[in-house]
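Listed in TrEMBL:
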type	residues	note
TRANSMEM	96-115	transmembrane segment
TRANSMEM	127-152	transmembrane segment
TRANSMEM	205-226	transmembrane segment
TRANSMEM	300-317	transmembrane segment
TRANSMEM	337-359	transmembrane segment
TRANSMEM	366-385	transmembrane segment
TRANSMEM	391-414	transmembrane segment
TRANSMEM	426-448	transmembrane segment
TRANSMEM	460-481	transmembrane segment
REGION	490-511	region 'Disordered'
COMPBIAS	501-511	compositional bias 'Polar residues'
(Lines of atoms letter the chains of each structure in order from A and count residues from 1; the text may use other names and numbers.)
(Lines give C-alpha, C1' and ligand atoms only; values in the text may rest on other atoms or scores of the structure.)
Protein backbone atom coordinates (compact mmCIF):
# COMPACT_ATOMS: atom_id res chain seq x y z
CA UNK A 1 0.00 0.00 0.00
CA UNK A 2 2.93 2.24 -0.59
CA UNK A 3 2.63 5.77 -1.82
CA UNK A 4 2.10 6.01 -5.51
CA UNK A 5 1.22 8.67 -7.98
CA UNK A 6 -2.16 7.32 -9.03
CA UNK A 7 -2.58 10.20 -11.47
CA UNK A 8 0.49 9.63 -13.64
CA UNK A 9 0.08 9.08 -17.20
CA UNK A 10 1.56 5.70 -16.48
CA UNK A 11 -2.06 4.88 -15.63
CA UNK A 12 -4.42 7.51 -16.80
CA UNK A 13 -5.91 8.01 -20.27
CA UNK A 14 -5.17 11.26 -21.99
CA UNK A 15 -7.20 12.37 -24.90
CA UNK A 16 -5.80 10.71 -27.99
CA UNK A 17 -5.82 11.86 -31.57
CA UNK A 18 -8.62 10.25 -33.53
CA UNK A 19 -8.64 10.21 -37.28
CA UNK A 20 -11.14 7.44 -37.85
CA UNK A 21 -14.32 8.18 -39.73
CA UNK A 22 -16.52 6.98 -36.87
CA UNK A 23 -15.39 9.85 -34.64
CA UNK A 24 -16.00 12.35 -37.41
CA UNK A 25 -19.45 11.06 -38.23
CA UNK A 26 -20.45 10.97 -34.57
CA UNK A 27 -19.37 14.56 -34.03
CA UNK A 28 -21.26 15.57 -37.16
CA UNK A 29 -24.36 13.81 -35.88
CA UNK A 30 -24.11 15.62 -32.56
CA UNK A 31 -23.77 18.97 -34.32
CA UNK A 32 -26.76 18.19 -36.53
CA UNK A 33 -28.92 17.24 -33.58
CA UNK A 34 -27.89 20.45 -31.84
CA UNK A 35 -29.06 22.44 -34.81
CA UNK A 36 -32.37 20.60 -35.01
CA UNK A 37 -33.37 20.43 -31.40
CA UNK A 38 -31.78 21.93 -28.31
CA UNK A 39 -33.42 19.26 -26.15
CA UNK A 40 -31.25 16.59 -27.74
CA UNK A 41 -28.11 18.40 -26.65
CA UNK A 42 -29.51 18.73 -23.15
CA UNK A 43 -30.20 14.97 -23.07
CA UNK A 44 -26.67 14.26 -24.27
CA UNK A 45 -25.16 16.53 -21.64
CA UNK A 46 -27.24 14.92 -18.90
CA UNK A 47 -26.17 11.46 -20.05
CA UNK A 48 -22.57 12.58 -19.69
CA UNK A 49 -23.10 14.46 -16.43
CA UNK A 50 -24.43 11.61 -14.30
CA UNK A 51 -21.65 9.05 -14.82
CA UNK A 52 -19.01 11.79 -14.73
CA UNK A 53 -20.23 13.05 -11.34
CA UNK A 54 -20.41 9.53 -9.90
CA UNK A 55 -16.97 8.69 -11.24
CA UNK A 56 -15.53 11.91 -9.80
CA UNK A 57 -17.08 11.13 -6.40
CA UNK A 58 -15.46 7.71 -6.52
CA UNK A 59 -12.12 9.13 -7.68
CA UNK A 60 -12.05 11.81 -4.98
CA UNK A 61 -12.91 9.64 -1.99
CA UNK A 62 -10.80 6.68 -3.12
CA UNK A 63 -7.81 9.08 -3.35
CA UNK A 64 -8.58 10.82 -0.04
CA UNK A 65 -6.18 8.90 2.22
CA UNK A 66 -4.95 10.92 5.21
CA UNK A 67 -3.01 7.93 6.55
CA UNK A 68 -1.01 7.31 3.36
CA UNK A 69 1.94 9.69 4.02
CA UNK A 70 2.39 8.09 7.44
CA UNK A 71 2.00 4.41 6.57
CA UNK A 72 5.58 3.40 7.36
CA UNK A 73 5.49 5.29 10.67
CA UNK A 74 2.20 3.55 11.53
CA UNK A 75 3.57 0.08 10.79
CA UNK A 76 6.77 0.73 12.75
CA UNK A 77 4.90 2.35 15.65
CA UNK A 78 3.22 0.79 18.70
CA UNK A 79 0.01 -0.07 16.80
CA UNK A 80 1.78 -2.79 14.78
CA UNK A 81 5.29 -2.84 16.24
CA UNK A 82 6.92 -4.26 13.11
CA UNK A 83 10.63 -3.92 12.40
CA UNK A 84 12.07 -1.90 9.53
CA UNK A 85 13.40 -5.07 7.90
CA UNK A 86 9.94 -6.65 7.97
CA UNK A 87 8.26 -3.58 6.48
CA UNK A 88 10.85 -2.80 3.81
CA UNK A 89 12.15 -6.26 2.87
CA UNK A 90 9.13 -8.52 3.44
CA UNK A 91 5.89 -6.50 3.32
CA UNK A 92 6.24 -3.76 0.71
CA UNK A 93 7.62 -6.07 -2.02
CA UNK A 94 4.32 -8.01 -2.01
CA UNK A 95 2.57 -5.01 -3.59
CA UNK A 96 5.01 -5.03 -6.51
CA UNK A 97 4.60 -8.75 -7.18
CA UNK A 98 0.81 -8.74 -6.86
CA UNK A 99 0.45 -5.68 -9.09
CA UNK A 100 2.57 -7.33 -11.77
CA UNK A 101 0.71 -10.65 -11.55
CA UNK A 102 -2.73 -9.05 -11.67
CA UNK A 103 -2.17 -6.31 -14.25
CA UNK A 104 -2.66 -8.36 -17.43
CA UNK A 105 -5.72 -10.38 -16.30
CA UNK A 106 -7.33 -7.25 -14.84
CA UNK A 107 -6.56 -5.32 -18.03
CA UNK A 108 -8.40 -7.94 -20.12
CA UNK A 109 -11.19 -8.51 -17.58
CA UNK A 110 -11.86 -4.78 -17.37
CA UNK A 111 -12.69 -4.58 -21.05
CA UNK A 112 -14.43 -7.97 -21.25
CA UNK A 113 -16.69 -7.21 -18.25
CA UNK A 114 -17.35 -3.61 -19.40
CA UNK A 115 -15.57 -1.77 -16.60
CA UNK A 116 -18.24 -1.48 -13.88
CA UNK A 117 -17.60 -4.84 -12.16
CA UNK A 118 -13.89 -4.03 -11.97
CA UNK A 119 -14.68 -0.60 -10.48
CA UNK A 120 -16.69 -2.37 -7.78
CA UNK A 121 -13.76 -4.77 -7.29
CA UNK A 122 -11.38 -1.83 -6.86
CA UNK A 123 -13.65 -0.17 -4.30
CA UNK A 124 -14.04 -3.44 -2.40
CA UNK A 125 -10.28 -4.05 -2.39
CA UNK A 126 -9.62 -0.61 -0.91
CA UNK A 127 -12.11 -1.21 1.91
CA UNK A 128 -10.60 -4.63 2.66
CA UNK A 129 -7.12 -3.10 2.62
CA UNK A 130 -7.89 -0.56 5.32
CA UNK A 131 -9.95 -2.97 7.41
CA UNK A 132 -6.90 -5.24 7.54
CA UNK A 133 -4.63 -2.28 8.35
CA UNK A 134 -6.93 -1.23 11.18
CA UNK A 135 -7.85 -4.57 12.71
CA UNK A 136 -5.25 -7.22 11.80
CA UNK A 137 -1.81 -7.75 13.28
CA UNK A 138 1.33 -9.57 12.23
CA UNK A 139 3.57 -9.97 9.22
CA UNK A 140 1.29 -12.32 7.25
CA UNK A 141 -1.71 -10.01 7.65
CA UNK A 142 0.24 -7.04 6.34
CA UNK A 143 1.44 -9.08 3.36
CA UNK A 144 -2.20 -9.94 2.64
CA UNK A 145 -2.97 -6.24 2.89
CA UNK A 146 -0.36 -5.52 0.24
CA UNK A 147 -1.94 -8.11 -2.05
CA UNK A 148 -5.35 -6.44 -1.82
CA UNK A 149 -3.80 -3.04 -2.42
CA UNK A 150 -2.04 -4.45 -5.47
CA UNK A 151 -5.43 -5.68 -6.66
CA UNK A 152 -6.90 -2.21 -6.13
CA UNK A 153 -4.01 -0.58 -7.96
CA UNK A 154 -4.26 -2.95 -10.93
CA UNK A 155 -8.01 -2.25 -11.08
CA UNK A 156 -7.44 1.50 -11.51
CA UNK A 157 -7.45 0.92 -15.27
CA UNK A 158 -11.25 0.60 -14.98
CA UNK A 159 -11.53 4.07 -13.45
CA UNK A 160 -9.62 5.75 -16.26
CA UNK A 161 -11.31 3.67 -18.99
CA UNK A 162 -14.95 3.58 -17.92
CA UNK A 163 -15.85 7.08 -19.02
CA UNK A 164 -14.86 6.40 -22.62
CA UNK A 165 -17.53 3.71 -22.85
CA UNK A 166 -20.44 5.96 -21.88
CA UNK A 167 -19.65 9.29 -23.58
CA UNK A 168 -19.04 10.27 -27.16
CA UNK A 169 -15.52 11.07 -28.41
CA UNK A 170 -16.36 14.78 -28.53
CA UNK A 171 -16.48 14.78 -24.71
CA UNK A 172 -13.34 12.69 -24.07
CA UNK A 173 -11.00 15.59 -23.32
CA UNK A 174 -13.35 17.35 -20.91
CA UNK A 175 -14.37 14.31 -18.86
CA UNK A 176 -10.77 13.03 -18.79
CA UNK A 177 -9.71 16.36 -17.29
CA UNK A 178 -12.42 16.12 -14.64
CA UNK A 179 -11.59 12.54 -13.65
CA UNK A 180 -7.84 13.16 -13.47
CA UNK A 181 -8.13 16.49 -11.67
CA UNK A 182 -10.41 15.15 -8.98
CA UNK A 183 -7.98 12.34 -8.10
CA UNK A 184 -5.15 14.87 -7.85
CA UNK A 185 -7.28 17.07 -5.60
CA UNK A 186 -8.33 14.10 -3.47
CA UNK A 187 -4.74 12.93 -3.03
CA UNK A 188 -3.52 16.42 -2.08
CA UNK A 189 -6.48 17.02 0.22
CA UNK A 190 -5.94 13.70 1.96
CA UNK A 191 -2.25 14.31 2.58
CA UNK A 192 -2.89 17.85 3.84
CA UNK A 193 -5.75 16.73 6.08
CA UNK A 194 -3.63 14.02 7.63
CA UNK A 195 -0.75 16.40 8.33
CA UNK A 196 -3.00 19.08 9.84
CA UNK A 197 -4.73 16.58 12.08
CA UNK A 198 -1.40 15.16 13.17
CA UNK A 199 0.36 18.50 13.74
CA UNK A 200 -2.45 20.69 15.04
CA UNK A 201 -5.05 18.36 16.53
CA UNK A 202 -2.40 15.88 17.77
CA UNK A 203 -4.48 12.90 16.71
CA UNK A 204 -3.02 9.42 16.72
CA UNK A 205 -2.04 7.71 13.48
CA UNK A 206 -4.73 5.08 13.99
CA UNK A 207 -7.36 7.82 13.73
CA UNK A 208 -6.03 8.74 10.30
CA UNK A 209 -6.49 5.11 9.26
CA UNK A 210 -10.11 5.24 10.47
CA UNK A 211 -10.74 8.38 8.40
CA UNK A 212 -9.15 6.73 5.37
CA UNK A 213 -11.37 3.68 5.84
CA UNK A 214 -14.45 5.92 6.07
CA UNK A 215 -13.42 7.67 2.86
CA UNK A 216 -12.97 4.31 1.12
CA UNK A 217 -16.43 3.25 2.35
CA UNK A 218 -17.96 6.36 0.75
CA UNK A 219 -16.08 5.58 -2.47
CA UNK A 220 -17.44 2.01 -2.33
CA UNK A 221 -21.02 3.26 -2.75
CA UNK A 222 -20.54 5.29 -5.96
CA UNK A 223 -19.72 2.53 -8.52
CA UNK A 224 -22.97 0.66 -7.80
CA UNK A 225 -25.00 3.55 -9.24
CA UNK A 226 -22.98 3.88 -12.44
CA UNK A 227 -24.78 2.82 -15.62
CA UNK A 228 -23.57 -0.44 -17.11
CA UNK A 229 -21.70 0.30 -20.36
CA UNK A 230 -22.84 -1.43 -23.54
CA UNK A 231 -19.50 -1.09 -25.33
CA UNK A 232 -15.80 -1.25 -24.57
CA UNK A 233 -12.55 -0.63 -26.38
CA UNK A 234 -11.79 -4.17 -27.48
CA UNK A 235 -14.33 -6.89 -26.78
CA UNK A 236 -17.59 -4.98 -27.12
CA UNK A 237 -17.20 -2.35 -29.79
CA UNK A 238 -20.15 0.00 -30.13
CA UNK A 239 -22.29 0.35 -33.18
CA UNK A 240 -20.99 2.59 -35.91
CA UNK A 241 -22.91 4.50 -38.50
CA UNK A 242 -23.09 1.47 -40.71
CA UNK A 243 -24.51 -0.88 -38.08
CA UNK A 244 -23.16 -2.89 -35.15
CA UNK A 245 -19.68 -4.28 -35.28
CA UNK A 246 -18.66 -7.60 -33.80
CA UNK A 247 -16.40 -7.89 -30.80
CA UNK A 248 -13.59 -9.03 -33.03
CA UNK A 249 -13.72 -6.06 -35.37
CA UNK A 250 -11.16 -4.02 -33.55
CA UNK A 251 -8.07 -2.62 -35.11
CA UNK A 252 -7.18 -1.81 -38.67
CA UNK A 253 -3.91 -3.00 -40.14
CA UNK A 254 -1.90 0.06 -41.07
CA UNK A 255 0.80 0.26 -43.65
CA UNK A 256 4.24 -0.37 -42.24
CA UNK A 257 5.09 3.27 -41.97
CA UNK A 258 6.90 4.82 -39.04
CA UNK A 259 4.63 6.66 -36.66
CA UNK A 260 5.53 10.31 -36.15
CA UNK A 261 5.21 11.48 -32.54
CA UNK A 262 4.15 15.01 -33.38
CA UNK A 263 0.53 14.11 -33.94
CA UNK A 264 0.56 14.72 -37.71
CA UNK A 265 -0.34 11.15 -38.68
CA UNK A 266 -2.64 8.92 -36.66
CA UNK A 267 -3.43 5.24 -36.56
CA UNK A 268 -7.13 4.58 -36.78
CA UNK A 269 -9.25 1.81 -35.34
CA UNK A 270 -10.68 -0.95 -37.42
CA UNK A 271 -13.76 -0.89 -39.54
CA UNK A 272 -13.55 -4.47 -40.72
CA UNK A 273 -16.13 -6.97 -39.55
CA UNK A 274 -15.69 -10.53 -38.44
CA UNK A 275 -17.58 -13.50 -37.15
CA UNK A 276 -18.89 -13.80 -33.65
CA UNK A 277 -17.07 -17.06 -32.91
CA UNK A 278 -13.87 -17.37 -30.90
CA UNK A 279 -13.99 -13.66 -30.08
CA UNK A 280 -11.68 -13.76 -27.09
CA UNK A 281 -8.90 -15.64 -28.85
CA UNK A 282 -9.25 -13.45 -31.92
CA UNK A 283 -9.00 -10.30 -29.81
CA UNK A 284 -5.79 -11.59 -28.24
CA UNK A 285 -4.36 -12.32 -31.67
CA UNK A 286 -5.27 -8.86 -32.95
CA UNK A 287 -3.77 -7.28 -29.83
CA UNK A 288 -0.54 -9.16 -30.41
CA UNK A 289 -0.45 -8.10 -34.07
CA UNK A 290 -1.05 -4.52 -33.01
CA UNK A 291 1.70 -4.78 -30.42
CA UNK A 292 4.19 -5.71 -33.12
CA UNK A 293 2.89 -2.99 -35.42
CA UNK A 294 3.03 -0.20 -32.81
CA UNK A 295 6.55 -0.88 -31.58
CA UNK A 296 7.99 -0.79 -35.10
CA UNK A 297 7.94 2.99 -34.72
CA UNK A 298 11.37 4.21 -33.60
CA UNK A 299 10.15 7.37 -31.79
CA UNK A 300 7.31 5.50 -30.06
CA UNK A 301 9.74 2.80 -28.98
CA UNK A 302 12.13 5.43 -27.54
CA UNK A 303 9.43 7.16 -25.50
CA UNK A 304 8.04 3.80 -24.35
CA UNK A 305 11.51 2.69 -23.28
CA UNK A 306 11.92 5.78 -21.14
CA UNK A 307 8.39 5.31 -19.76
CA UNK A 308 9.11 1.75 -18.62
CA UNK A 309 12.59 2.45 -17.24
CA UNK A 310 11.70 5.68 -15.43
CA UNK A 311 8.40 4.41 -14.03
CA UNK A 312 10.21 1.41 -12.55
CA UNK A 313 12.68 3.68 -10.74
CA UNK A 314 9.95 6.14 -9.79
CA UNK A 315 7.88 3.43 -8.10
CA UNK A 316 10.89 2.27 -6.10
CA UNK A 317 11.80 5.76 -4.91
CA UNK A 318 8.23 6.72 -3.97
CA UNK A 319 7.48 3.37 -2.33
CA UNK A 320 10.51 3.45 -0.02
CA UNK A 321 10.91 7.20 0.56
CA UNK A 322 9.05 7.02 3.87
CA UNK A 323 11.44 4.34 5.13
CA UNK A 324 14.40 6.59 4.27
CA UNK A 325 12.80 9.58 6.02
CA UNK A 326 12.12 7.39 9.03
CA UNK A 327 15.85 6.67 9.27
CA UNK A 328 16.79 10.33 8.87
CA UNK A 329 14.13 11.66 11.27
CA UNK A 330 12.41 8.93 13.36
CA UNK A 331 8.72 9.63 13.90
CA UNK A 332 8.93 8.26 17.44
CA UNK A 333 11.34 11.05 18.45
CA UNK A 334 10.46 13.99 16.17
CA UNK A 335 7.47 15.54 14.50
CA UNK A 336 7.33 14.57 10.82
CA UNK A 337 5.90 16.55 7.91
CA UNK A 338 5.32 13.87 5.30
CA UNK A 339 1.81 15.11 4.63
CA UNK A 340 2.95 18.60 3.65
CA UNK A 341 5.60 17.09 1.38
CA UNK A 342 3.12 14.82 -0.39
CA UNK A 343 0.66 17.68 -0.83
CA UNK A 344 3.26 20.03 -2.26
CA UNK A 345 4.81 17.40 -4.51
CA UNK A 346 1.39 16.42 -5.88
CA UNK A 347 0.38 20.02 -6.62
CA UNK A 348 3.77 20.90 -8.08
CA UNK A 349 3.70 17.76 -10.21
CA UNK A 350 0.24 18.69 -11.49
CA UNK A 351 1.48 22.21 -12.30
CA UNK A 352 4.46 20.78 -14.18
CA UNK A 353 2.11 18.54 -16.15
CA UNK A 354 -0.07 21.53 -17.08
CA UNK A 355 2.87 23.68 -18.14
CA UNK A 356 4.62 21.02 -20.20
CA UNK A 357 2.94 22.24 -23.36
CA UNK A 358 4.35 25.73 -22.85
CA UNK A 359 7.99 24.65 -22.99
CA UNK A 360 9.69 26.15 -26.08
CA UNK A 361 11.27 22.85 -27.07
CA UNK A 362 10.92 20.69 -30.16
CA UNK A 363 10.47 17.31 -28.51
CA UNK A 364 10.65 15.54 -31.85
CA UNK A 365 14.14 16.89 -32.47
CA UNK A 366 15.54 17.26 -28.95
CA UNK A 367 13.45 14.69 -27.07
CA UNK A 368 16.25 12.22 -26.32
CA UNK A 369 18.60 14.92 -25.00
CA UNK A 370 15.81 16.43 -22.89
CA UNK A 371 15.13 13.00 -21.40
CA UNK A 372 18.86 12.68 -20.73
CA UNK A 373 19.12 16.00 -18.88
CA UNK A 374 15.95 15.60 -16.82
CA UNK A 375 16.71 11.96 -15.99
CA UNK A 376 20.08 13.15 -14.73
CA UNK A 377 18.26 15.71 -12.57
CA UNK A 378 16.16 12.89 -11.12
CA UNK A 379 19.37 10.94 -10.41
CA UNK A 380 20.82 13.95 -8.59
CA UNK A 381 17.65 14.25 -6.47
CA UNK A 382 17.92 10.59 -5.44
CA UNK A 383 21.64 10.93 -4.65
CA UNK A 384 20.89 13.96 -2.45
CA UNK A 385 18.22 12.03 -0.58
CA UNK A 386 20.69 9.21 0.00
CA UNK A 387 23.87 11.08 0.91
CA UNK A 388 22.70 14.30 2.59
CA UNK A 389 21.17 13.01 5.79
CA UNK A 390 19.10 16.15 6.33
CA UNK A 391 15.33 15.78 6.39
CA UNK A 392 14.67 19.14 4.71
CA UNK A 393 17.02 18.32 1.85
CA UNK A 394 15.34 14.92 1.55
CA UNK A 395 11.94 16.57 1.40
CA UNK A 396 13.03 19.14 -1.20
CA UNK A 397 14.73 16.52 -3.38
CA UNK A 398 11.66 14.31 -3.23
CA UNK A 399 9.41 17.19 -4.35
CA UNK A 400 11.63 18.04 -7.32
CA UNK A 401 11.96 14.35 -8.19
CA UNK A 402 8.22 13.85 -8.42
CA UNK A 403 7.65 17.12 -10.29
CA UNK A 404 10.29 16.22 -12.87
CA UNK A 405 8.81 12.78 -13.37
CA UNK A 406 5.30 14.23 -13.77
CA UNK A 407 6.55 16.65 -16.41
CA UNK A 408 8.30 13.94 -18.41
CA UNK A 409 5.61 11.27 -18.10
CA UNK A 410 3.03 13.80 -19.27
CA UNK A 411 5.11 14.60 -22.33
CA UNK A 412 5.75 10.90 -22.98
CA UNK A 413 2.02 10.25 -22.72
CA UNK A 414 1.24 13.00 -25.21
CA UNK A 415 3.95 11.97 -27.66
CA UNK A 416 2.70 8.39 -27.65
CA UNK A 417 -1.02 9.15 -27.63
CA UNK A 418 -0.84 11.74 -30.39
CA UNK A 419 0.01 9.08 -32.97
CA UNK A 420 -2.34 6.32 -31.81
CA UNK A 421 -6.04 5.56 -31.73
CA UNK A 422 -7.73 5.01 -28.37
CA UNK A 423 -7.52 1.22 -28.75
CA UNK A 424 -3.83 1.22 -29.59
CA UNK A 425 -3.01 3.73 -26.89
CA UNK A 426 -4.68 1.49 -24.31
CA UNK A 427 -2.57 -1.40 -25.58
CA UNK A 428 0.71 0.58 -25.52
CA UNK A 429 -0.15 1.99 -22.11
CA UNK A 430 -0.73 -1.50 -20.74
CA UNK A 431 2.46 -2.91 -22.26
CA UNK A 432 4.59 -0.02 -20.98
CA UNK A 433 3.15 -0.34 -17.48
CA UNK A 434 3.65 -4.12 -17.53
CA UNK A 435 7.30 -3.72 -18.57
CA UNK A 436 7.83 -1.14 -15.82
CA UNK A 437 6.39 -3.54 -13.24
CA UNK A 438 8.45 -6.42 -14.59
CA UNK A 439 11.64 -4.37 -14.23
CA UNK A 440 10.53 -3.21 -10.80
CA UNK A 441 9.90 -6.79 -9.69
CA UNK A 442 13.36 -7.84 -10.84
CA UNK A 443 14.89 -4.85 -9.04
CA UNK A 444 12.86 -5.62 -5.91
CA UNK A 445 13.87 -9.29 -5.87
CA UNK A 446 17.56 -8.46 -6.19
CA UNK A 447 17.84 -5.31 -4.08
CA UNK A 448 14.95 -5.18 -1.61
CA UNK A 449 13.44 -8.59 -0.93
CA UNK A 450 14.82 -10.66 1.91
CA UNK A 451 15.18 -13.61 -0.49
CA UNK A 452 17.68 -11.50 -2.45
CA UNK A 453 20.25 -9.08 -1.10
CA UNK A 454 17.82 -7.44 1.34
CA UNK A 455 19.83 -4.20 1.41
CA UNK A 456 19.23 -1.36 3.83
CA UNK A 457 17.27 1.62 2.56
CA UNK A 458 20.29 3.93 2.10
CA UNK A 459 22.09 1.40 -0.08
CA UNK A 460 18.87 0.94 -2.03
CA UNK A 461 18.65 4.64 -2.80
CA UNK A 462 22.29 4.68 -3.88
CA UNK A 463 21.39 2.00 -6.42
CA UNK A 464 18.30 3.91 -7.54
CA UNK A 465 20.40 7.01 -8.11
CA UNK A 466 22.83 5.01 -10.25
CA UNK A 467 19.84 3.52 -12.07
CA UNK A 468 18.59 6.95 -13.17
CA UNK A 469 22.13 7.96 -14.11
CA UNK A 470 22.26 4.93 -16.43
CA UNK A 471 18.93 5.98 -17.98
CA UNK A 472 20.40 9.43 -18.57
CA UNK A 473 23.48 7.92 -20.22
CA UNK A 474 21.35 5.72 -22.50
CA UNK A 475 19.38 8.67 -23.82
CA UNK A 476 22.51 10.81 -24.10
CA UNK A 477 23.97 8.23 -26.47
CA UNK A 478 20.65 7.98 -28.33
CA UNK A 479 20.46 11.77 -28.69
CA UNK A 480 24.03 12.11 -29.91
CA UNK A 481 23.51 9.32 -32.46
CA UNK A 482 20.32 10.98 -33.67
CA UNK A 483 21.99 14.37 -34.11
CA UNK A 484 24.96 12.80 -35.88
CA UNK A 485 22.64 10.93 -38.22
CA UNK A 486 20.77 14.11 -39.09
CA UNK A 487 24.01 15.98 -39.74
CA UNK A 488 25.19 13.25 -42.12
CA UNK A 489 21.85 13.39 -43.93
CA UNK A 490 22.13 17.17 -44.36
CA UNK A 491 25.70 16.92 -45.58
CA UNK A 492 24.74 14.15 -48.01
CA UNK A 493 21.92 16.31 -49.36
CA UNK A 494 24.23 19.30 -49.81
CA UNK A 495 26.92 17.24 -51.58
CA UNK A 496 24.52 15.55 -54.05
CA UNK A 497 24.60 17.06 -57.60
CA UNK A 498 21.70 19.26 -58.50
CA UNK A 499 19.35 17.93 -61.20
CA UNK A 500 19.39 19.49 -64.64
CA UNK A 501 17.20 22.54 -65.03
CA UNK A 502 14.03 22.17 -67.09
CA UNK A 503 15.43 24.42 -69.83
CA UNK A 504 18.52 22.24 -70.18
CA UNK A 505 16.46 19.08 -70.27
CA UNK A 506 14.18 20.53 -72.92
CA UNK A 507 17.12 21.72 -75.05
CA UNK A 508 18.78 18.32 -74.91
CA UNK A 509 15.58 16.61 -75.88
CA UNK A 510 15.14 18.76 -78.99
CA UNK A 511 18.64 18.13 -80.33
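Glycine is treated like the rest: Cβ placed from N, Cα and C.
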Best-contacting stretch, by C-beta pairs under 8 Å, relative to the transmembrane segment (300-317) and drawn from 205-226, 391-414, 426-448, 460-481: 426-448
Long-range environment of the transmembrane segment (366-385) - Cβ separation under 8 angstroms, sequence gap at least 6: 261, 299, 302-303, 306, 310, 313, 317, 321, 324, 393-394, 397-398, 400-401, 404-405, 407-408, 415, 461-462, 464-469, 471-473, 475-476, 478-479, 482-483
Outside the transmembrane segment (337-359), six or more residues from its ends: residues with CB under 8 Å to it: 3, 5, 7, 66, 68-70, 73, 184, 187-188, 191-196, 198-199, 322, 325, 395, 398-399, 402-407, 410-411, 414
Of 96-115, 205-226, 426-448, 460-481, whichever stretch has the most CB pairs under 8 A to the transmembrane segment (127-152): 205-226
Distal contacts, the transmembrane segment (96-115) - CB-CB under 8 A, six or more residues away: 146-147, 149-151, 153-155, 157-158, 161-162, 165, 228-236, 280, 315, 319, 430, 433-434, 437-438, 440-441, 444
